[in-house]
Amino acid sequence: MLSRRQLIPIATKSVSPFLRSSITCRRISMGRKELSEKDSNILDSVIRVDQAGELGANQIYKGQHFILQFTDPKVAPTIQHMWDQEKYHLATFDNYVLKNRVRPTFLRPFWDIAGFALGAGTALLGTKAAMACTEAVETVIGGHYNDQLRETAHLENKAPEFKEIRSHLAEFRDDELEHLNTAVEGWNAKEAPAHALLTNAIQMGCKAAIWMCKRF
């Protein structure tokens, strides 16, 4: 398993989604074990969706940091810390995509733009609005990781790689919930203007993104 220090640079390298999409693999070879088609499809979905999700999160924090480093410098280190964790998450799933020959979502270019726009846009509304965005996103993603851990529980003993992936799912879930707590308890996210409207809209967008990445 690569360390965080080794993995973070991978996240900065862009591999053409068109090249990746040309790779087809109905059965994914995990080490020396051959998975069934059903298990391969589960693995494929987990990796594809989570890579896309971590890309979006990475871009959200990038957009927030781009604005808040100037408008509210005192929060910039907190944003940077959360962003660094998302870089590691993304690098981990980028590595899984390449290792397991998983086709990334066709929507990756869109998430690049949409994530940054969401991060920068909420930051322009102020620090509390940016933190409300974090609260909304991490609430959905934390629940999403919990769903995946339940969905893949029966696979853990089928191959060592499943145990490794599930350990990352649990680790990243805990990181996302830490971000949620930071936003709510540390930076008063719930005091953001139109908090309920903002967070509900963002959560609906996140759930729609997960649905689309599972299919495209």
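Cβ coordinates come from backbone N, Cα and C, glycine included.
Here the structure is a predicted model, which means the values were calculated and not measured.
Taken verbatim from Swiss-Prot:
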BINDING   Glu54, Glu86, His89, Glu176  Fe cation 1 binding site
BINDING   Glu86, Glu138, Glu176, His179  Fe cation 2 binding site
TRANSIT   1-27  transit peptide
Beyond the site residues Glu54, Glu86, His89, Glu176: chain residues whose C-beta lies within 8 Å of the centroid, for Fe cation 1 = Gly53, Ala57, Asn58, Gln85, Tyr88, Leu90, Ile141, Phe172, Asp175
Determine, for the Fe cation 2 site, the additional residues of the same chain whose CB lies within 8 Å of the mean position of the CB atoms of Glu86, Glu138, Glu176, His179; present them in sequence order.
-> Ala57, Met82, Gln85, Thr134, Val137, Ile141, Gly142, Asp175, Leu177, Glu178, Leu180
Out of Glu54, Glu86, His89, the binding-site residues in the record, which is closest to His179 (Fe cation 2 binding site) when you go by Cα distance?
-> Glu86
Could you tell me which of these binding-site residues, Glu86, Glu138, Glu176, has the greatest number of Cβ atoms within 10 Å of its own Cβ?
-> Glu176
Rounded to a whole number of Å, the separation of the Cα atoms of His89 (Fe cation 1 binding site) and Glu138 (Fe cation 2 binding site) comes to 13
Cβ neighbour count within 10 Å of His179 (Fe cation 2 binding site) = 27
CB contacts under 8 angstroms to Glu54 (Fe cation 1 binding site), restricted to the same chain and 6+ apart in sequence, sorted by sequence, are Glu86, His89, Leu90, Thr92, Phe93, Phe172
Rounded Cα-Cα span from Glu138 (Fe cation 2 binding site) to Glu176 (Fe cation 1 binding site), Å = 5
Check His89 (Fe cation 1 binding site) against DSSP and tell me helix, strand or coil, would you?
-> helix
